[in-house]
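S.K.: Please read through the structure below; I'll follow up with questions.
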Amino acid sequence: MELVAGCYEQVLFGFAIHPEPDTGGDPKEQKWTSAADFTHHAHTASLSAVAVNSRFVVTGSKDETIHIYDMKKKIDHGALVHHNGTITCLKFYGNRHLISGGEDGLICVWDAKKWECLKSIKAHKGHVTFLSIHPSGKLALSVGTDKTLRTWNLVEGRSAFIKNIKQNAHIVEWSPRGEKYIVVILNKIDVYQLDTASVSGTITNEKRISSVTFLSESVLAVAGDEEVVRFFDCDSLMCLCEFKAHENRVKDMFSFEVPEHHVIVTASSDGFIKMWKLKQDKKVPPSLLCEVKTNARLTCLGVWLDRVTDTQKSLPSTAEPSPVSKKQPKINKKEAGDVVQEEERQSVPDSEKCGLTGDSDQPMKANTPLSVKKRKMVGMLEKQKRKKKKIRNVIVNPTFLL
C-alpha cells in the first residue's frame, strides 16, 4: 500500500507502507514500516484535493488543473484542464469514472479510461465545496457557497432536488450502505436519513470540522481545527471516544480495511501522517501503527492499495431506471428555516445522456453520401411518374385541356 498526501508546498508525497513480519510477539504491538517512494511536483499552486482508484492517483490544485499519476508505472499521466478556479473536490467511482467539483460552480464527469470530460454541469451559483457519490452510483450530493444541498440523478445527468440550508456547508458524505448522509456546517453535523430526507439528529464538535470519515454505517470519525479525533455514534449522537492524534490541527482523514486490520489514517498541519489500528469496540481509542514525517503543511490525503478491484464498476447507463423516480423521499416542507423544492424536469437530449456514462455502443445514424444520392434518385423517379401520368391523362381525356 502507499500513502499519498498533498501539501501547500505544491508537492504530492508517496510513502510505501509495509507491515512488519510476524515474529510471534503480541499482535497488538505490531508496527508497520514506511519508506519514501516519490515526490511529485506537478502543480504550480497548493494541492487542494486527492482521489485514488486501483491504478491512478489524481490531484486537484488552486492552479485550476487536475493531474493524473499512474501508480503502476510511477509516471505522470498528464493533466485535465476544464475548471476555471480551484479544484475543491475529487471522487472516483470505481475505475471508470472520476467526478470533480470546483470554485467555478461546475461538477464534471470524466471517463477515467480515455480521460475525456463526458459531462459538465453548472451545479451551484457559488463554489462547489464538496460532493459525495452514493454507493449505488446513481445519486450524488453536493454542497456549495449558495447555501444549498443538491441531489443529483447521475442516471439522467440532471438535478433531482434542491434543499436550501441556513448556512454554507463545507462537507457532505454518504454512509457506507447509503442509508444516511451527513452535512457539515462549521462545527455541527446534521445526520439525514435517506428515506425521509430529513434531519434525524445533530452532532456538535468542539471546533470547526475539517474532515469526517465513516468507520461503519453508524460510527463517524470527526477531525477539526484541533489535535483531537473523536468517534461519534450517528444514532445516539454520543461521543464514543476521543484521542490525541497530532500536535496541530488534523486536515484530512482516510479509512480502509485490509485482512485483520481496520485502519484510519490522519494527516496534519504538523507535517505528520499517522496510521492507526481501530479496535473492534469503537469506545476504545485506536493504537498507532506507524507515522511519517513530511516536513510540509499537509492539506489532503489518500491511500493507494495495490490490489485488483472491480473494473466493471461504473456509473449506471441511462437505460436503468432512476432511483429518484422509483421511490421519492418524503419531503417535510414545514421544517423550520428549510425550503425544499423539486427541480423542474428538463428534457435531456439522448446525446447528452449518453455523454454522462460514455457507455453507449450504438452508433449515431448519419446522412452518408450514398443515402443522399439514393433520396435524389427516388425523387427523380417519382417526378417522372407524375409527368407520365399527366401526359396519359391528356391523351385519354382531351377535354382536360378545355
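The backbone N, Cα and C atoms fix where each Cβ goes, and this holds for glycine too.
I grabbed these lines from TrEMBL:
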- 332-353: compositional bias 'Basic and acidic residues' (COMPBIAS)
- 312-371: region 'Disordered' (REGION)
- 40-72: repeat 'WD' (REPEAT)
- 80-120: repeat 'WD' (REPEAT)
- 121-162: repeat 'WD' (REPEAT)
- 259-286: repeat 'WD' (REPEAT)
S.K.: Looking only at the repeat 'WD' (40-72), how are its residues distributed among DSSP helix, strand and coil?
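M.R.: Reading the DSSP string over the repeat 'WD' (40-72) gives 0 helix, 18 strand, 15 coil.
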S.K.: Given a Cβ distance threshold of under 8 angstroms, which distant residues of the chain, six or more beyond its ends, lie next to the repeat 'WD' (40-72)?
M.R.: 2, 4-12, 14, 78-81, 83-92, 94-95, 98, 100, 102, 112, 115, 299-309, 311
S.K.: Cβ under 8 Å, sequence separation of at least 6 from the ends of the repeat 'WD' (259-286): give me the contacting residues as numbers and ranges.
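M.R.: For the repeat 'WD' (259-286), the sequence-distant neighbours (Cβ-Cβ under 8 Å, at least 6 residues beyond its ends) are 3, 5, 15, 17, 32, 213, 215-216, 219, 221, 223, 227, 229, 231, 240-243, 245-253, 292-298, 300-301, 303.
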S.K.: With DSSP as the reference, give the number of residues of the repeat 'WD' (259-286) in helix, strand and coil.
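M.R.: Output for the repeat 'WD' (259-286) reads 0 helix, 14 strand, 14 coil.
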S.K.: If you average pLDDT over the repeat 'WD' (80-120), what do you get?
M.R.: 94
